[in-house]
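Here TrEMBL flags 9-181 as domain 'Galactose-1-phosphate uridyl transferase N-terminal'. According to TrEMBL, the feature UDP-alpha-D-glucose binding site maps to 33-36, ALA66, 82-83, ASN158, 164-166, GLN173, 319-320, 324-325, GLN331. Residues or ranges marked as region 'Disordered' by TrEMBL: 38-72. Per TrEMBL, active site, tele-UMP-histidine intermediate is recorded for HIS171. If you look up TrEMBL, you'll see 189-343 marked as domain 'Galactose-1-phosphate uridyl transferase C-terminal'.
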Amino acid sequence: MSGKQDVSFDPKEHQHLRYNPLRDSWVLVSAHRMKRPWAGQVERPPEEHIPRYDPNNPLCPGNKRANGKGNPDYDSTFVFENDFPALQPDAPDPGSDQDPLFQSKAARGVCKVMCFHPWSDVTLPLMKKEEVVNVIDKWAELVEELGTIYPWVQIFENKGAMMGCSNPHPHCQVWASNFLPNEPALSDRCQRAYYEKHGEPMLLQYAKREAEKKERVVVESSDWLAVVPYWATWPYQTLLLPRRHVLRISDLTTEEREGLAAIMKRLLTKYDNLFEVSFPYSMGWHGAPTGPYLKEDNSHWQLHAHYYPPLLRSATVKKFMVGYEMLAQEQRDLTPEQVIHLCTCFHTEQRT
């Protein structure tokens, strides 16, 4: 006899793998690592005293940007062409190369910047509900407008200096491309395979099951559900889902847009209250492809938004995706269920 006793599996104590059906990949969960002492890098806390208007801020109303163009005195959302775009509509074609190790393709598109609000000292959770609805309406308008031409329209927001945002003014970016980028292409393949096998959109079925289990739900309403996904990689990652089958953000009804504004404010306020700081994150919307895909059956798709915050232990200690994560596979330091336990301790009243 070995003398070893049978040990019951405890996800909070024993490492295990979780499957991500959106990426057809596995995540290593090692929650016991949170017990280790931290002597690594400590970040500076975000700047809390941001002026409402800064004459030197290129995103403020009436100010000039780096290219010399002036902003109008906008009082709601404001969209303009990115002054330093990663994609341009008239870029030349590099030509075809038959060598499988040296391939290139044409990459064309447009990049836009969208200011949420004329004030620099507000973020989405601090804005009025009707102001957030204006943001959602503009997102939908841009997806519809750019989607008539381009197969992919990516809405994304990098919030906070920790996520590489160099300007505190509340804004996001919208990049439209003549190609389907890697992440949505992978998501498209996985959702299609699931739909063909089960006859229902993956994320619609997933939302139903999470709503029933209530093990990882952060906030919910009659039209929307925000969860820490079972397969989450980032510590406080969330997935925001409509409860009915919706392909694109432009397909949302007026009532659903109002509900989205309300649940976004609740979710982001919970984030802010977690470490009592304006919470940094990268977020983005994924919906059915556009352009030529508008003529195809995209029933396997379900609209959703990803929130990827970098923080781990506090407002100044973040999760680093390095070493094993870069060279082997994704790994997280606490279970999604532990995150929910922490989140329930924080209310959705706005920070002042």
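We count from 1, first residue shown onward.
Positions of Cβ are set from backbone N, Cα and C atoms, glycine also.
Bear in mind that TrEMBL entries carry predicted annotations, made automatically and left uncurated.
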For ASP83 (UDP-alpha-D-glucose binding site), what residues in its own chain, 6 or more apart in sequence, show a Cβ-Cβ distance under 8 Å? ARG65, ALA66, ASN67, LYS69
Rounded Cα-Cα span from HIS171 (active site, tele-UMP-histidine intermediate) to CYS165 (UDP-alpha-D-glucose binding site), Å: 10
Long-range same-chain neighbours of GLU325 (UDP-alpha-D-glucose binding site), Cβ under 8 Å, sequence gap at least 6? GLN331
So what's the average pLDDT for the domain 'Galactose-1-phosphate uridyl transferase N-terminal' (9-181)? 91
Could you list the residues of the same chain, at least six apart in sequence, whose Cβ is under 8 A from the Cβ of HIS171 (active site, tele-UMP-histidine intermediate)? LEU59, VAL113, MET114, CYS115, PHE116, GLU157
Sequence-distant neighbours of LYS319 (UDP-alpha-D-glucose binding site) in its chain (C-beta under 8 A, six or more apart): TRP234, PRO235, PRO310, LEU311, LEU312, ARG332, ASP333
Applying a 10 Å Cβ distance cut-off over all chains shown, what neighbour count does CYS165 (UDP-alpha-D-glucose binding site) have? 15
